Amino acid sequence: MEFSQFNVNTLMDITSRPDLVFVSGKGSWLEDHAGKRYLDFVQGWAVNTLGHSAPEMQRALIEQSQKLMNPSPAFYNIPSIELAQRLTGASCFDRVFFANSGGEANEGAIKLARKWGQVKKNGAYKIITMNHGFHGRTLATMSASGKPGWDKMFAPQVEGFPKAELNDLESVKKLIDDKTVAIMLEPVQGEGGVIPATREFMQGLRKLADENQLLLIVDEVQTGMGRTGKMFAYQHSDVTPDIMTLAKGIGGGVPLAALLARQDACVFSHGDQGGTYNGNPLTTAVGVAVFDALAAPGFMDAVNARAKQLSEGLLALSAKYGMKGERGQGLLRALIMDRDDGPAIVEAARNQNPQGLLLNAPRPNLLRFMPALNVTAEEIDLMLTQLDALIAQVRKA
Ligand SMILES: *Cc1c(COP(=O)(O)O)cnc(C)c1O
């Protein structure tokens, strides 16, 4: 089939997309309308934990769809109870509220913190967030994000999100006043360029929060569910946050998100929070299947082995081309280049034949890698070999 046969003009034009329509996927591979295959190191934006159309997820979808898809959020259902038990069992949190997207889960976290401020801290409502942070595309989460230019885009912003600098404790301390209720950050800034918060910073934030009666909120929408080599990224720094949000990887590709909190922070009254699709058995059943795959013996060891292989391979490429190294945690990594040819490499990778390669450049001098967590050693080697050739090709042109 030709691309021109698709009428894409009935879709709202919200981003520039290549002339490709994807029709199927399996594991680390995608196939387009013309039958061309692509090795996928983007995976739906770090969403497809187990790769495309994972058999575990298919099974969960088929079985659950034959039983029950949506009894309404006003009633309990089995998969949501099972998934909440697994998530609280694997973390420091006591209770879960399920949502459908990262933005929605973060809205919930913001509401929960503001409610906590009303109930426990004299109406405090300000949440300190980080410059270059990313928390979603709703009005409040755009205001919480620290993306340059976003403060003016849909003005006026939702107020109450003063910005500090990641890994600069003093910059956080300076912003605290009696109206401050929480500190919110990504343990690894994803869209901001794969920048990990240091262990010292995370521990310093916990201490600041304790000293000033603040909640510590971790946005693990991108870093949660094994992406960084532990089930949750906060576990790398031995801190105990009060609130955490999950999305992306938790559904393995279906829309599922979660807001988790420790008991002391569970202050919603009836009617404060809800949503028609929230906690539906169809997507939470998939969440259970994804969780069980991640928790299986040896799975996380394999993630860490692949992460080491990817990290070493990227370092070698960096050395070969005089770049500035690599960084990241687990299978969320970035190659830091010495010039702004990220977009050119991404395009050349997609266009190469006979098989394309899907990469992402969140910044012009940065390539980001977020493969499926069950990516094979051979697939990582193949990607590294192809990337080597692509860098050489783009720099020769
Ligand atoms: C992707 C992302 C979000 C937004 O999630 P959506 O599901 O797109 O709403 C929020 N926070 C972080 C850290 C993310 O990476």
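One-based numbering along the chain as shown.
Placed from the backbone N, Cα and C atoms, the Cβ positions cover glycine too.
Caution: TrEMBL annotation is automatic and unverified by curators.
Since this is a predicted model, take the numbers as computed values, not measurements.
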Candidates Phe97, Phe98, Phe134, Phe369, the one TrEMBL lists with Asp219, Glu220, Val221, Gln222, Thr276 as binding pyridoxal 5'-phosphate:
Phe134
What is the number of other Cβ atoms found within 10 Å of the Cβ of Gln222 (pyridoxal 5'-phosphate binding site)?
27
At its widest, how many Å does the recorded pyridoxal 5'-phosphate site span between Cα atoms of Phe134, Asp219, Glu220, Val221, Gln222, Thr276?
25
Near ligand 1, which of the binding-site residues Glu220, Val221, Gln222, Thr276 are found, taking a Cβ distance under 6 A to any of its atoms?
Val221, Gln222
Express the distance between the Cα positions of Gln222 (pyridoxal 5'-phosphate binding site) and Lys248 (N6-(pyridoxal phosphate)lysine) as a whole number of Å.
6
